[in-house]
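J.: So Swiss-Prot lists these for the protein:
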type	residues	note
CROSSLNK	7	SUMO2 cross-link
CROSSLNK	15	SUMO2 cross-link
MOD_RES	53	phosphoserine
MOD_RES	155	phosphoserine
MOD_RES	157	phosphoserine
MOD_RES	161	phosphothreonine
MOD_RES	218	N6-acetyllysine
REGION	1-170	region 'Disordered'
REGION	156-242	region 'Necessary for interaction with PNN and exon-skipping'
REGION	240-305	region 'Disordered'
């Protein structure tokens, strides 16, 4: 009896120990699953930390390269983006998770594209700057060259020696103008047009030509706004006419044909007349028919006689 009781106690103890061991230590398959999950989480964390660190490094590098040289920034950013994508793919393959590698590739490619686009848009290449500067310099330098050429072509304008005097009364004559304007210098010519119907009356204006332009300037200064016969007059300078170029413009009018003579105008009238007999031809046929009848009637009458 004692042995059976001892055996029962020992069996009960073994069962309790098995229960404790089952509660304390999980199965080896569960341990493996948990270890795999932990390793995946660690690899994901490592991949994200590496991506963030690589992005920060890439941004710092691009900023430094932009300040150093704008032309080499685009090429270097491309190389950094390719290296970052290669490192991200290596981390993804080591971890064995396809989702993390795809996300790292897309992130690195987007960052590299944004950095390259910002660098290209923000700072233009030095070649473009030089080209723009050349264009601006050329556009600025062209107008003064044209002005210089025009100045060389243009001769200095001669000073006027002729003065136009307006708003004269009809009582003023050439002698009066000669007396007044001879005080300012030697007068070369006085032109005072007269009305056709009343030759003793002037049209109200005159031209006075001096020998020197300085004398004409004196007359303009003193007599513009002065009074003659109780009325204010106007004195203005008359510019000398420019020498005209040789008459090349007269060639087109010479090419114009003169009006045709009378004998050339007659043929179209003859043509018009030629159309009219065709219209009158049936009328003539009708007119001939009664004559024939008359002849026949006469012949018949003669035969009867």
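Yeah, the Cβs are placed from backbone N, Cα and C, and that goes for glycine too.
Bear in mind that the values here come from a model prediction, so they are computed numbers and not experimental data.
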J.: Have a look around residue 157 (phosphoserine) and count the other CB atoms within 10 A of its CB, chains all included.
T.: 9
J.: What is the interatomic distance between the Cα atoms of residue 157 (phosphoserine) and the residue listed as 'N6-acetyllysine', given in whole Å?
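T.: That comes out at 19 Å between the alpha carbons.
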J.: Can you name the residues of this chain that are 6 or more positions from residue 218 (N6-acetyllysine) yet have a C-beta less than 8 Å from its C-beta?
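T.: Listed in sequence order: 184, 185.
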J.: Tally of helix, strand and coil residues over the region 'Necessary for interaction with PNN and exon-skipping' (156-242) according to DSSP?
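T.: The breakdown for the region 'Necessary for interaction with PNN and exon-skipping' (156-242) reads 22 helix, 27 strand, 38 coil.
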J.: Do any residues at least six apart in sequence from the residue listed as 'phosphothreonine', in the same chain, have a Cβ closer than 8 Å to its Cβ, and if so which, in order?
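T.: Looking at Cβ-Cβ distances below 8 Å from the residue listed as 'phosphothreonine', excluding near sequence neighbours, one finds 188, 209, 210, 211, 212, 213, 215, 216, 240.
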J.: Which whole number is the mean pLDDT over the region 'Necessary for interaction with PNN and exon-skipping' (156-242)?
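T.: Averaged over the region 'Necessary for interaction with PNN and exon-skipping' (156-242), the predicted model reaches a pLDDT of 92.
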